[in-house]
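Here's the structure we're looking at; comments come further down.
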Amino acid sequence: MVDRKEIPLAMGLLAVLLFFVASSSSFHLVRASDEVDDAIFYESFDEDFDNRWIVSGKEEYNGVWKHSKSEGHDDFGLLVSEPARKYAIVKELDAPVSLKDGTVVLQFETRLQNGLECGGAYIKYLQTQESGWKPKGFDNESGYSIMFGPDRCGATNKVHFIFRHKNPKTGKHVEHHLKFPPSVPSDKLSHVYTAVLKDDNEVSILIDGEEKKKANFLSSEDFEPALIPSKTIPDPDDKKPEDWDERAKIPDPEAVKPEDWDEDAPREIIDEEAEKPEPWLDHEPEVDDPEAKPEDWDDEEDGEWEAPKIENPKCEAAPGCGEWKRPTKSNPAYKGKWSAPYIDNPNYKGIWKPQEIPNPEYFELEKPDFEPIAAIGIEIWTMQDGILFDNVLIAKDDKIAESYRETTWKPKFNIEKEKQKHEEEAAAAAAARSESEGIAGIQKKAFDLLYKIADIAFLSGQKEKIIEIIEKGEKQPNLTIGIIVSVVIVFVSIFFRLIFGGKKPANVEANVEKKKTNTETTSKQDGGEKEDNKEKEETANPPRRRPKRDN
C-alpha cells in the first residue's frame, strides 16, 4: 500500500516538474517572439496583399499581380502573372528605417518559375518622397536609397546593388553601381538574396546564405562612379594654345633626296628569263559551256544566247592554255617615292590636356549619408511571367536573416532541389531509353537488310554461314557494326570472285555435268564400260590436290 505521508511529497515533485516544463515552454516561446520582434519589417505574403501593398495606378504598369502559391508548395507569394508587361507595386513602412547606424540587413526570396531571359526581379527600397506623393503614383521616377536583386537580359546577368546618394555640395542624387556583381542563378528554384550593410562601410551580398561579393562604399574600386568625387577636374574652359605642337617626330628639314633615287621605277617588271612550260596549249582557249543554256530559253523572246566560258577539258593535263605571257617579278631597282626621314621634334610639348581645377562637387565623409527607407517597391519590366517574390525582410542583425533563411527558404529549396534531381534523372533515363530505342530500330533495319542479302542467289553457297553471323549479331547487338562488315566482306569477296574469276570454273562444272550425263547414259547400255569411262574421265580431269608438307 502507498504511504499517505509520501503523497504530499509526490505532489510537490510533480508540481515542480510541471513548473519546469511550463517555464521551458515559456522560454522558447519568448525567444521565438523576440526573434520576430527583432525584424524591422517582414512580409510573408501568407495573406492576400490587397490593401496592404498598393499597385501603381500609372497606365504603363499594366501587369497583373497575383497572390499565388509557389509551384509544388502551399507557401504563398507575390506573383508576376503575365509576360511582356511592366509591373509596379509598393508597401509603405510604418516608420522610416535608418541605414546610418549599425547593421541593416535587406533580404527577400525570388523564384523564377519560368526562367528569366529578359527582365528584372529586384526590389527598390524607397526613400521618403516629396510632399503630396501617393503610393498610386509609384513609378520609375520615384526616388530610392537602394536597389537590390536579380536582373538578366542579353549580355546582362547580375544581381544589382545600386545605392543613390545625395551630393551635399550640389544636392543632386547620384546612382552608384556595384562593380563586378554576382550572377543570377540559372535554374527555376527558390533563391534568397541578402545584402548586409555594416557600420564599417562594408556591404556583403549573399545568395542562399553564401557570400558572393564584398565591397566598401567608399572605395572607387568597388563602385562606379565612386562615392567621393575626385578633388580636381579638367578645366572645361581651358583651351589648347594655337602654337602647341603635339608632334613627337617630324620630317628632317635638312634631308636631301639622293641623286640615284629613281622614283619612277615600277614595283614589278617582266621576267625576261621565264620560259613557256611544255606542252603549253596555245591554241586551246576557253570553250563555251554546252550545258549552261536553260531548256526554256527562247532566242526570239530572250535574245541570242551567249554561253558562259569554261575551262577547256584539254587543258586539264597541260600546264596551261591560250596565249602565253611572261610573268612579272619584283623590280630590284624599285625604291618608291622618296620622303625625308623623321627626327625628334625640337618643339614637341607633349599631348595637350586642360589644366586641373578644384572640383566644385568634391566632398569628404567617413560614412555614406544614406537616406532612410520609407517604403518597399517592386518596379520591373519583364518578358517572362512566373516570377514569385516572398519573405521580404528588413532586420538589424544578420543572425535574424539567417534564422529566416533556415526556417522559410531552406525547406522549400531542399524539396525543389530533390524534385529537380529526380526530374533530371528521369530526363536522362528517357533520353538514354530514346537513344537505345533509336539504336535498336537502326539495328533491326540493318539485320533485316542482312537477311535479304543472305537470300541473294549467288550467295547460296555461303547462306548458312551468313545466317550464323547475323544470328550471333542479334544476340550481341554491340557487335552490329562488326557483323555488317563481316557480311559485306563475304558479299564483296564472292561478288568479285564471280565477276573476275568465276567463268572458267563455271565451264569446267558444265563440262563435268555434261560428261556425267553422258556417262550415266552410256552405263545403261553397257555396264562393263562404266568403270572404263570413269577412269578416262578421272584421267582427263585429275582433281587438284594440296601438296603435303613434311613435318
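For all residues, glycine too, the Cβ spot is worked out from N, Cα and C.
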Tell me, from Cys153, Cys315, which cysteine Swiss-Prot puts in a disulphide with Cys118. Cys153
Among Asp369, Asp385, Asp390, Swiss-Prot assigns to the Ca(2+) site of Ser44, Asp75 just Asp390
Can you match one of Glu366, Glu371, Glu379, Glu402 to the alpha-D-glucoside site that Swiss-Prot gives for Tyr122, Lys124, Tyr144, Asp151? Glu379
Look at each of the binding-site residues, Asp151, Glu379, and point out the one with the fewest other Cβ atoms around it within 10 Å. Asp151
Counting by DSSP secondary structure, give me helix, strand and coil numbers for the region 'P domain (Extended arm)' (233-364). 7 helix, 23 strand, 102 coil
Below 8 angstroms Cβ to Cβ, which residues of this chain, lying six or more residues outside the repeat '2-2' (322-332), approach it? 265-272, 274, 276, 280-282, 284-286
Tell me the Cβ contacts of Lys124 (alpha-D-glucoside binding site) under 8 Å, same chain only and six or more apart in sequence, or just say none. Ser142, Tyr144, Ile146, Met147, Ile376, Gly377, Ile378, Glu379
Any idea which of the binding-site residues Tyr122, Tyr144 has the thinnest Cβ neighbourhood at 10 Å? Tyr122
Residues sitting within 8 A of the centre of the Tyr122, Lys124, Tyr144, Asp151, Glu379 CB atoms (alpha-D-glucoside site), not counting those, run Gly120, Ile123, Met147, Phe148, Gly149, His160, Gly377, Ile378, Ile380
